[in-house]
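K.L.:
Handing you this structure, nothing more for now.
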Ligand SMILES: Nc1ncnc2c1ncn2[C@@H]1O[C@H](COP(=O)(O)OP(=O)(O)O)[C@@H](O)[C@H]1O
Ligand SMILES: [Mg+2]
């Protein structure tokens, strides 16, 4: 991990350039530009809010459903957008990989950073909603960066693992794009964990995003302490994933240029 | 001082490997292997076969050989882009690679953006690049095109830009794979001047070219490769003569 941080600092300018390139490429020649980063969460917010307030009622306690939803949707969209961009990142940069050497980690990292940029923009939507529904903020909010960091590390772990495998098996990208869509329903994004049967809840906690989304929601809209048990389950899963991913990536990295 | 050292380096590739491997095709392969064991044991080639040599700092070396001899593979190994199957490679110094038409540009980005991207990859800081940006553009003679995406460049313009960024970076070893094949006469003359200057600065240069005339102008030493093996490693004239004799046989 320290080695990654060192690489990160040494290649900071390169990561910056690649990140900027990815953001620019996405919004070049589009009239709405950066507003597209708000479009995706806004559409999902309107759609799910309509369903779960007008058609079926979702028991979210004192929290208005739209705020409840968005506080889970925003970390979730960061997760899914970052992975969808990072997993094909090595293959789509084949030109560079075949012609020049530098740590290949930089490609998935730059994709994740570009998604983090969208995440920050989408957060402004959440701020608007928090003000509109007059949600009281508490000091627990100060813990939010910790959860963002945990989510970032989780994304990095999965991205390292799967972007490397995607060089050798192109199926990974397609399989994952579908899997992520389904995984949203295995994470308490649109529903509260409390509506799930207790034994099924335990199963959901094996999904590291469950703990992260719950913690986000705890400190952001409930204004309560995070559920530390959930936090540690997610943290331990993330560390295990990171260790595996790191070793696999290092092992496969020398073969990227020959096989890509 | 040693710049590049190869000790018993072998690089093997699997021949049958498809570029896009899908899970289905791999299962199929595995299935065939069970049905017909040993059928594909000959499906690998030695792109380089037990190669040893040493290049000292400041030398300029030309690599000669027929298509598929293993020249590009040799340069990729020096550049650390691919790893040897066995043997050891030692390289001292920063490398500027110009491999197989292109220096690793991003087609959608403009020339300007690519100069920064490429420069940073070559170990320059943005500050360094800004300082010699005009020099890079002038040397590449691309003033008019610097803000168009490089996918619109001709291969000659592409290599000019790659070469220009590379020689302005703070490198010790320049690797160039057939850059004269796409450059025009003017560019070749410019390279000649620049190489002379680089040699005076003590830079190591390794060139691949099919133009023996170019190699004789630029290099003192030549290495002739045939089917992954070094045939002769000597003065450039001698190596060129042997290559011509070999090909005429
Ligand atoms: N990534 C690769 N996968 C499989 N075979 C390769 C790969 N790269 C090169 N080869 C094979 O290695 C041999 C040497 O190639 P190369 O070094 O490119 O030759 P050249 O001397 O023409 O530059 C060729 O037979 C080529 O088909
Ligand atoms: Mg070649």
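FYI, residue positions are counted from 1 along the chain as it appears here.
Backbone N, Cα and C atoms are what each Cβ position is placed from, and that goes for glycine too.
Below are the features listed in TrEMBL for this protein:
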{"type": "DOMAIN", "residues": "A:32-252", "note": "domain 'ABC transmembrane type-2'"}
{"type": "TRANSMEM", "residues": "A:31-53", "note": "transmembrane segment"}
{"type": "TRANSMEM", "residues": "A:65-84", "note": "transmembrane segment"}
{"type": "TRANSMEM", "residues": "A:105-133", "note": "transmembrane segment"}
{"type": "TRANSMEM", "residues": "A:139-163", "note": "transmembrane segment"}
{"type": "TRANSMEM", "residues": "A:175-196", "note": "transmembrane segment"}
{"type": "TRANSMEM", "residues": "A:228-249", "note": "transmembrane segment"}
K.L.:
Within the same chain, where does the transmembrane segment (A:139-163) have neighbours whose Cβ lies under 8 angstroms from its own Cβ atoms, ignoring anything closer than 6 residues to its ends? I mean 6 or more beyond.
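P.N.:
Contacts with the transmembrane segment (A:139-163): 75, 78-79, 82-83, 86-90, 105, 107-109, 111-112, 115-116, 172, 176, 208-209, 212, 215-216, 218-220, 223-226, 231, 234-235, 237-238, 241-242, 244-246, 248-249.
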K.L.:
Hey, which bits of the same chain come close to the transmembrane segment (A:65-84), Cβ under 8 Å, at least six residues off its ends?
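P.N.:
For the transmembrane segment (A:65-84), the nonlocal Cβ contacts are 40-41, 44-45, 48-49, 52-53, 58, 111-112, 115-116, 118-119, 122-123, 125-126, 129-130, 133, 135, 147-148, 151, 154-155, 158-159, 162, 176-177, 180-181, 183-184, 187-190, 192, 209, 212-213, 216-217, 220-221.
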K.L.:
Six or more residues beyond either end and a Cβ under 8 Å away: which residues meet both conditions relative to the transmembrane segment (A:105-133)?
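P.N.:
That would be 4, 7-8, 11, 14-15, 18-19, 21-23, 26, 34, 37-38, 40-42, 45, 64, 66-67, 70-71, 74-75, 77-78, 81-82, 85-87, 89-90, 93, 97, 152, 155-156, 159-160, 163, 220-221, 249.
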K.L.:
Could you give the residue numbers and ranges of same-chain residues that sit at least 6 residues beyond the transmembrane segment (A:175-196) on either side and whose C-beta is under 8 angstroms from one of its C-beta atoms?
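P.N.:
Same-chain contacts beyond the ends: 48, 52, 58-61, 68-69, 72-73, 76, 79-80, 83-84, 87, 162, 204, 207, 209-210, 213-214.
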